[in-house]
Amino acid sequence: MEIVTSEFFQRALVGGLLIGVTAPLMGLFLVLRRLSMIGDTLSHVSIAGVALGFLIGVYPIAVGLLFAIAASFAIEKLRKAYKTYAELSIAIIMSGGVALASLLFTMGRNFNMNVNSYLFGSIYTLNNTDLYVIGGVTAAVLIVIRTQVKELFLLTFDEDAAAVSGLPVKFYNVMISVLTALVISASIKIVGALLVSALLTIPAACSLIVARSFRQSVMTVVVVGELAVVSGLLIAGVWNLAPGGTIVLLLIAVLLMLLLIRRGVRVGS
Amino acid sequence: MQKNAITAAAGCHQEVVSLDNVSFSYQQQNVITNLSFGVKERDFVGLIGTNGAGKTTLLRMIVGLLKPTAGSVRLFGEEVSAFKQWEKIGYVPQKNAFNPLFPATVREVVLSGLYNRNKIFRKIGKDDQRKCEDALQAMGIEDLRDKRIGQLSGGQQQRAFLARALINNPSLLILDEPTVGIDTETQESFFHMIKHMHQHHNMTFLMVSHDLDMILSYLGERPAAESGKLKFHIKHSHETQDCVENDLAHSLKGLREQMESGKEVVLIGDRN
C-alpha cells in the first residue's frame, strides 16, 4: 500500500483526476454529435507528432497537439468532400497517422521504450511540465463548458437551429475541434493513445443509459470518469497492473453494470 | 432598390422577407431560377410544390442556412448575411433528425429557443424559465416538460419544436412541413392553432405544406404567385384583423382549454 503515498503515484492521481473530468466532458459532446471515432483518430495522429517531437528534440506532447489540431481540420475538409460517407475521412486520417508514426519511430533509434509509454500510457512518469499542461487544458475546457454550456447544447442537439439563432457555428466547431485535440494530447501520457478513446466515449455511453436530461448526462460523465480513473489507479497501484488498461476495463465494467441494472429494472417493472 | 422604397412606405405592413431574383443551383442543376417574391408583415404564405421543387431549399436560404447562387434575400429589409435580430424569427425545420436517445428533456429543448448571439455569456434567469413555461402551456405540453424528447410521439415532438420557435414571441414563423408523420386529428388541431395565431397575433407565417386541403381552404385555391414548380398561396393580414399585439401564450392556452372542454370552437378561418 505504500505506493499510494509515493510522490509519483500522487502526481499520477492529480493528473488522473483532472483528465477524468475533461476527457469525458469533451467526449459527451463528440458522442452526441456522432463523432465517437474522432478521439481515436486524433490520438493516433498525435502519436506521429509525439514521434516527431522525440526526433527533433521538442516537447513531444506539444508536437502531438499540433498534429491533432491539423488532423481535426483535415477531417473536417475530407468530411465535406465525401459528405454522405463522412466516416471515410476518419478511417483515412487514422491510418495515415499510424503510418507516419511508424515511419518516424523507425527513423529514430532507441525510442522503443517511449513508443510503448505513449501507446499504452505511463501515468507514473508524469513530470511537472506534464501536470501543468494537463492543468491548463482542464482549466480551458472547464471555463468554456461552464460559460458556453447552453450554446454547446443547442449546437449538439440541432446545428441548424443554432445557426438560425445567429450563433457563430463555425467558430464553435473549430473550438470543439481544438479543445478535443488539447484533451487528447494531454491524456495520451495518462491512458495511452490506444486507450484515450475509451475515456472520451464510455462515460458518454453510460450517460445515454442513465441520464434523463442533458444536465444529468453532464454530471453522469464526470462521475463515471472520476470513479474509473481514481479506483483504476488505486487497483493498478496495489496489484501492480497497467494503470491505463485498468482504468479502461473499469469503465467497461461500469457500463456493463449499468446495462444489467437497466435490464433488471425493465424486467422487474 | 425599388423594393426598398416599398418596404419603407408600407409602414405597419412592411416586407418581412424579400427575395430579389434569387437563383439556387446544386451540382449544376438549377433548383430555383430568378425568383422574386415578398412576404409582407402579417401575411400567411403557404408554399406548395412537388418534391424537388425547391421548397425546403428556399426556406433554408431565407434563414441563411444556404447561400443563393445569385440574387439577394433580405429579412426585415436587411441582407440575410448581415441580419442580426434572429430572435425575431422562429424556425421549425422539417421533421427533426435528432437521435431518439439524445439526453434532453422537453424543457431543455424548448428553453434552447432562447439561446442566441446576444445571450452567449448570459445565464438563464427566472424570466426565461417563465417564458419557457408559457410556451409549454401554450402548446399544451406542460405535463411532458421533464420527459426525454425522444420519448414523445410525433405530434408531441412537433408541439415541442413549435414551442421552441414561439418562446421568443417571433414576428416571423417559418414552418417546414410541420405536420408530416402526424395523424389527421392532430394535424387538424395543429393547423387550427396556427390559424388562431395568424388571426389574433402580430405574426407573419411562411409555411411549406403537403397538406393541400387544409392550406388551400384557408389561403384560397388560386396561387398568388408562381415560380418554376413553386406555388405561393397567400392570405393577407387585412383579410383578418388590424395589427394588434396581445399575449400569445395566454391566448393559445385559452384556445386549448376551449378545445379540451369540448365547447364548439368556431373555426375562424371558415367564416370567410
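From the backbone N, Cα and C atoms, a Cβ is placed for every residue, glycine too.
TrEMBL labels come from automatic prediction, so no person has curated them.
According to TrEMBL, the protein carries these features:
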TRANSMEM  A:12-32  transmembrane segment
TRANSMEM  A:44-73  transmembrane segment
TRANSMEM  A:85-111  transmembrane segment
TRANSMEM  A:131-149  transmembrane segment
TRANSMEM  A:161-184  transmembrane segment
TRANSMEM  A:190-211  transmembrane segment
TRANSMEM  A:218-239  transmembrane segment
TRANSMEM  A:245-261  transmembrane segment
Fill in the blank from the handout: Per the Cβ filter (under 8 Å) with a sequence gap of at least 6 from its ends, the transmembrane segment (A:85-111) is approached by 37-38, 40-41, 44-48, 50-52, 54-55, 67, 71, 74-75, 77-79
Completion exercise
Top stretch by Cβ pairs under 8 Å to the transmembrane segment (A:12-32) (candidates A:131-149, A:161-184, A:218-239) is A:218-239
Practice task
Sort out for me which stretch, of A:161-184, A:190-211, A:245-261, has the most Cβ pairs below 8 angstroms to the transmembrane segment (A:131-149).
Solution key: A:161-184
